[in-house]
């Protein structure tokens, strides 16, 4: 009993609460101190400092990155009207795999490492920034939040699409009944033919109902597995090619359309968030030695990120105005960040503790979003699909392009 009486105060709620309060106050004070604007300029950055040359390179960077972004996002949007660049073509799938590899390497190799470097910079106090892997933590939080937004957004659009489809079908049935009553034709609700099958019933047990929605639903649920499933996929794709282009979304196409709507919006959010940081970092730099390699690296990066985003927008089948707004917003983000960085370069110190903390957190959050989008909504969505498993040549080409895109983007970390 004496031993328990001695240690009991350690477990009391009041003692625990006071220690927790003390710890939180200490942590908050440390973070506040680290956010001070004291300069921590590295002498290495002053070796190649040339403000006039840096300004010229910044204008070149704005033009180059803007053109690369416009070209990248415009190809899938304009090319969807062309046979060789249709979103359901093998060339588009392989090019999208390359772009997915670029985005994956951007998240892992560039953004996450940049966030780690910023949050473990010697200018920041060791406590708390060196005592906990904040970059990985923020990336994990961003991935989980992206998953939640992805799920909620998909549910919302599916519900909205279902309600709209239900109203359309109900209106069609009412109009059909009115037309039949006027022509004195009584619709047959159910009947049996001579061999005992329900009228309209097919050999596979499905109902042959006239209309795109029922046709897609029947194929979606009655395809067998294995080689027969691949044969059925090829037959259904040929049928859709002949009859489906003028019908818009229907059945499974509607479900895919909903996913592409959500994916395109979240992907743009992730790309835009880190594009602002990249542009701002380049804009505030006064070192031509730093800017020169960034121009080529960011142009390459912007082109293929634009291609991936443009492909998602194209597959979502947005209206022309909405697609144009999303494309323009993506294309101008990095150049706008460069312009803002150039404007504030005279008084903004990117090496101050406050700037390092903000940049590190945003880079880590962007990394989490990009890694999630690349793995879940770009790579897994295409590489685990029935279409990919039924086409060996497409598998080889897509995996090759995926690894090539990731490898090339990762190798750019040598220079930028």
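Cβ from N, Cα, C; glycine included.
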From 22-43, 132-153, the residue range that TrEMBL assigns the feature transmembrane segment:
132-153
296-315, 396-415 - the one TrEMBL records as transmembrane segment:
396-415
So what's near the transmembrane segment (132-153) in sequence-distant terms, Cβ-Cβ under 8 Å and 6+ beyond its ends?
112, 115-116, 119-120, 261-263, 265-266, 270, 360-361, 363-369, 371-373, 376-377
Selected stretch (most C-beta pairs under 8 A with the transmembrane segment (323-345)) from 59-79, 91-112, 365-384, 396-415:
59-79
Quick test of the contact rule: Cβ under 8 Å, at least six residues beyond the ends. What residues does that give for the transmembrane segment (396-415)?
90, 93-95, 97-102, 104-106, 108-110, 113, 293, 296-297, 300-301, 304, 379, 382-383, 388
